[in-house]
Structure formats: C-alpha cells, structure tokens
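Here's what TrEMBL has on this protein:
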TRANSMEM  62-86  transmembrane segment
DOMAIN    64-435  domain 'Major facilitator superfamily (MFS) profile'
TRANSMEM  98-122  transmembrane segment
TRANSMEM  129-149  transmembrane segment
TRANSMEM  155-176  transmembrane segment
TRANSMEM  188-210  transmembrane segment
TRANSMEM  216-241  transmembrane segment
TRANSMEM  262-283  transmembrane segment
TRANSMEM  295-317  transmembrane segment
TRANSMEM  324-341  transmembrane segment
TRANSMEM  347-366  transmembrane segment
TRANSMEM  378-399  transmembrane segment
TRANSMEM  411-431  transmembrane segment
Amino acid sequence: MRGTWTGSPIRAESWRSPRNFCPDLVAEPGRVFGPARGPSRSCVVTTSFSAPPVERASGREWAAVLSVALGIFTLVTAEMLPIGLLSPMGSALGVSEGTVGLLVTVPGVVAAVSAPLITVLARDLDRKLLLCGLIGALTVANLATALAPNFAVALIARIAIGVGMGGFWALAGGLAMRLVPAPQVGRATSWIFSGIAAASVLGVPAATLIGDASSWRTACFAVSGLGFAVLIALVLCLPSLPAQRAVRPRELGVLVRRNRGIAAGLVLILLLVTGHFAAYTFVRPMLEELHGIGAGGLSALLLGYGVAGITGTFLVGNRDPRRSLLVITIVIAAVTAALALTDGPVIAVALMLIWGLAYGGVSVSIQKVLLGSAPDQAEAASSVFVAMFNLAIAAGALIGGRAVDLISLPATLWIACAATALAAVVVLTSVRPAPPRPDHRR
C-alpha cells in the first residue's frame, strides 16, 4: 500500500488495512519506507512534499494599489505646483517670487511634522477612512488655493495641503504589505512610489501647461478635480483597513534611538536626499549656464529625466535594497562630479538621464530598508521616513541656495557629490538587506 504525506508526521495506521498494517511506522519529511520485515505484513509509505502555490494579487488588489499610487501622484503634484507658476502667482497675489516660494517650503515643513503626528493621533481609526479624509482635505485645500484672494489665504490653504500630504504619504508608504500577498510587496511598493516620479514627469508639467494656457487658478482647480477623482477611487477600490496597532509618541523616539536599521535609514535620507536637492533645486540654471542647454531642450531633458526616474523606481522593486542603494549613491556621486567637471549639452543630457535613473530608486529602496528593520511597525517607520525626507528636501534647497549665493553654481554639484559619497559609506557600514516580509494583509 502507498500513501502520500504532505503535512505533519503521520503514523502508518492512517493507511490501515486488514492485511497490511505497520503499527510502529512513522512517516517523516523526505523519507521513503519500503516493505516491513516480517512474515505476515508489508507496508510501503512514500512521503513527498507539495510545494505551496505562489499566491498572486487579484485585479481588485492591484486596483487598490493603483488608487493609492494615484493619491501619491496627486499630493506631490499639489506640493510642487507653484514651482512652475511662481511669477504669475506672485503677480496675482501681490508678493515677490521669493515670497511665493514659501508656498512650496511651508507645506514641506508641515508635512514633516504632520506625518508622525497623524500616525500617532490616528490610533484605532480605519486606515481607509483616514486616507479618504486626508485626500478630501487635500482636495478642499487646493480649491481654497484657487479661490484665495490674497497671499495669506493661499498660505493657509497650502498649510492644509502639507497636513494632508504628510499624513497620506506616511500611511501609504507601508500599505503595500496589507494590500497584496508577500511575494508582490516589492512590486506594489514600486507602483505606489512611482506616483512621485510620475508627478514630476506628468503632474507638474501638466499643471504648468494649464497655468500658462489659462491661469494658475485654473491649474489649482484641475488638481482639486484630480483629488476628487482619487477620493472616489479610494472609496471604491480600497478594502477596509482596520488599524493593526496604535502608534504611541514614545514608540517613535524608541524606534529611532534603538533600532539601528531605522537610524541608518534616516541618516541615509539626510545625506542622500539633502545632497540631491542641494544640486537638483538649481538644475535649470546649472544646465543653462554651465552646459548651454536652451529652454526648449531643457523641457525635453527634464521630461526624459522624469521618465528615467520612473524606470529606476521599477528596476529596484524586488531587488536587495542594500545593493540598490550602494549603486545609487555611487552613481549619483559620480554623475554630479562629472557635471561639475565637464561642459557641453551632449554629455549633460547623458549624465542627467543616468542621474534620473539612479534617483528614481531612492524612495523605494530606503523605504524597504526601514520596513525591513521594523516589519511590525510599518506605520511608525513610514512616518519617520516621510518626516526626514521632507526635512531633507528643505535642507537641501536651503544649503544649495546659500552655496549659490556665497560660492558658485558648481558648488551645489560638489555638495551633492560629497553628501552622496558619505551616503555610500553609510550603506556599506550600516545598512543590512531587508528580510523577507510576512503577509500582513488585513
């Protein structure tokens, strides 16, 4: 008699028959038992394993992922919208372009504060309801910006955008593991963070185009309408997402102080993102003055940079984050140094595309390091990620601006080179590969 075993150890009595019975035979993984010795009985038990099928995400689960990615796309577009419309906004609101720049800086700082704060205050609130509420607030804030009669009202509305952006991003960053099976988490995380690159490629240029063709208020109305569409998508596609565990204020401090993986990830963000934005904030004058690229070519090049960034986001999806970050930091350090040492449009185009490809993998890779270091504290890890990321953006722009004013434009590239080289050292010495994630869905 022959039996196939796929589970826990089973005694041969399970295949009991009147004539063939092995009372003391125990099947164990990977062993094949032949006929029992003896005059009156024989028994053959063959054991084998049945490999569990790889669980794949359903269409509805991917729809939920894409609705969150669209939310990220919308909030980043809303955050960066004034960059391409500084002059018309300043004229309409009666302030200088430098003052209008606060409409970008202030929401970033507010997002850095609101990310951990909302994560703590949310406690037991269903995450679907919270995400819908935050995107709803973002939609109303964009509408208020479009209708603002003066700069003060516009700034208040933009503060509300910062609150919605920080909270939504913090919650969305660790959501992939709850929406899809474990084998697809890396890919789903890439999709969610592709919203950042897509906003740079499509969202901000489209808003600028609308603003140039009509007015900056029309662009704000358009982003508000997009936010409403995202709200509908979240309501229809997201499953109920009950809070898995409340995040306490003390937990955030303990997480940063005692979790070496989290601390390393935050230092990496500080160096890499600050260095990147110290140079990238001034990429337009750098390309125009140092490499002779005109306005028409610049628009096409920045579009190519964004497309390369989206490609980089997906290239690192299921790869070891430590290796990805090591390549990213070395490449960005080399590219920024090369841009400072060379001139001419051809080399600049090639270097910018490589830069975009490398930087596109930053958010996903660092997020994977943080979530791998605290797999049971996804929301807490994501909130400190968003806080540090936004602070690093502001710090990079500030440092780069001071370098341009006090030293020279190429100095921003050398700052980026030095910071990313230090980031590579952090990767080598402190970052460990993220372990496989268990399935945390619902």
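Just so it is clear, glycine is given a Cβ too, placed from its N, Cα and C backbone atoms.
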Near the transmembrane segment (216-241), which residues from the same chain, at least 6 beyond its ends, have a CB less than 8 A from one of its CBs? 60, 63-64, 66-68, 70-71, 74, 77-78, 81-82, 85, 88-89, 92, 126-128, 131-132, 135-136, 138-140, 142-143, 145-147, 175, 178-179, 206-208, 210, 442
Can you find at least 3 Cβ pairs under 8 Å between the transmembrane segment (324-341) and the transmembrane segment (411-431), where each pair is 6 or more residues apart in sequence? yes
Long-range CB partners for the transmembrane segment (347-366) (under 8 A, at least six residues beyond its ends), listed in sequence order, are 189-190, 193, 196-197, 265, 268-269, 272-273, 276, 283, 287, 290-291, 293, 301, 304-313, 315-317, 321, 324-325, 327-328, 331-332, 335-336, 338-339, 385, 389
Contact check, the transmembrane segment (295-317) vs the transmembrane segment (98-122), 3+ Cβ pairs under 8 Å, seq sep 6+: no
Do the transmembrane segment (129-149) and the transmembrane segment (262-283) come together with 3 or more C-beta pairs under 8 Å, pairs six or more apart in sequence? no
Average pLDDT across the domain 'Major facilitator superfamily (MFS) profile' (64-435), rounded to a whole number: 85
